[in-house]
């Protein structure tokens, strides 16, 4: 019992962070599934959403700024795809990835310019920022909200992909880019939708994540972004339930390692896990086995 | 152009470079921005060329460069801090456990070797992966290395997350130029050798290369290890330039910067990488500086200018290059003295014709 009470905070934090990673990871996994692109800018879109909330909530009431943050983030994701990735559709995969790195560099530098590089205090959002006590462990309410919200959003997303027309189009495009184009699927609108969904979830994740950590800096998107990507690979890239399971596992493991007093290694662990997975089972936990198209 | 002529031109160009550097040293004040550009540019040129060897010539998308530079920087620093400074530098670790020093040049080679050994070990599992998985795995390794160097248990060697300092540094611009120059020359020789041709074959078509009898694993491993060797030396030079080393500085953003340099210069062009390094450093450290300070024309404050605006403009320029000039400055071509001849012929043709029409 003592073991549980002493470790419960870490476990709770792990589940909460895992949920937030999951929401980011979906953005990675969907984009990778369709474009075969590691969207390095995704973590920075998540960071920008954090700053938007800081600035918008300074002047607007919370019930206006929340939807506005989500809307602007979605718009940003859409614009990034149109400006930086669409012109490179026929280019080699390396160029488009370099373009993604360039966007990430640009977003970080813009954030640095607008904030003068200072960490900003994230606003208190009523309902999720207050503290609660569970079995003797004090935590923020966001810890409990995150897993529930994550699972609801994922279920909605899976239903969307399974039963709607656009979902079917997405599945087709991720199967075979060229053939689906020949079948009359408007590839650009499918890709845009993917980025819109990804950015939407990233915005939600940023609201949850920064409510928990309470400060935003221009580089605070990089690490969660990379970890979410690792989660996506761990679960099997292209698979949404895989990304969610992977994210929860990584979030929990990371916090248990922090609990053991090895904080320096919480990031290193994630990458070690990534390399083991890539070498041992490159398709991940739930990944489909597909042959390499050369 | 004959090899003899080429040799003469090369020697002449090197002599000219030497004279220019000497003139700069003698005439300009030591605080001039030009020295920062020259020193840092030379170091970045070496690292960018080493990155180009893997990414541009062998076609392996590796993002581990910052990690290998970190190993090089630390190896150099650890083995050259004078013994009498140990108590001050390793103040939390009883003066450290490495109680000897080696000469600077030996330490530079050791820096390269340490990075190469790590790269070899990392390459064994990782180089089997394909393009973007390789990128993310090497990026991950760089992060793991960074975490290990900051670990308290290694404190007696690496000083944990504290600074390493007081190791010998350089103050002339010759040193980074000579070291980088020799290293880049070795890389160029390697690229022009049969190994280099094998690398290019692997880049262009792995299956065809394998069918031609090129051992893929061996050559990939070789390119990766050699590139890391030079990245290690580059890291050591960077440590000398900065006069202090801390693992926290070798983040993935450093790798991204290097990658952008390589892309701006042209993937697969050594001279492009060198040129782009100097341009990149000059633009980011010097030419665009004015964007960072508030400027007033009379009572009118020029809008937008302010801390950080330089990097915004800079990253926009980079995005334009990435999107619209995908080939970079040099594409996959190299600088050659023959190009001057081409330009001369071009102008003669142009203006020659004009004379005729008169």
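Using N, Cα and C of the backbone, Cβ positions are placed for all residues, glycine too.
As recorded in TrEMBL, the features of this protein are as follows:
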TRANSMEM  A:12-30  transmembrane segment
TRANSMEM  A:37-56  transmembrane segment
TRANSMEM  A:62-84  transmembrane segment
TRANSMEM  A:96-114  transmembrane segment
TRANSMEM  A:141-161  transmembrane segment
TRANSMEM  A:190-210  transmembrane segment
TRANSMEM  A:230-253  transmembrane segment
TRANSMEM  A:260-280  transmembrane segment
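The stretch in A:37-56, A:62-84, A:141-161, A:230-253, A:260-280 that contributes the largest number of Cβ pairs under 8 Å to the transmembrane segment (A:96-114) is A:37-56. Against the transmembrane segment (A:62-84), the recorded stretches A:12-30, A:141-161, A:190-210, A:230-253 differ in Cβ pairs under 8 Å, and the greatest number is found for A:190-210. The list of residues near the transmembrane segment (A:190-210) in space but at least 6 beyond its ends in sequence, with Cβ under 8 angstroms from a Cβ of it, reads 16-17, 19-21, 23-24, 26-28, 30-31, 34-35, 39, 42, 45-47, 49-50, 53, 66, 69-70, 73-74, 76-78, 80-82, 85-86, 122, 125, 128, 142, 145-146, 149, 153, 157, 166, 169-170, 173, 216, 220, 224. Ranking A:12-30, A:141-161, A:260-280 by CB pairs under 8 A with the transmembrane segment (A:230-253) puts A:12-30 at the top. Highest Cβ pair count under 8 Å relative to the transmembrane segment (A:141-161), across stretches A:12-30, A:37-56, A:260-280: A:12-30.
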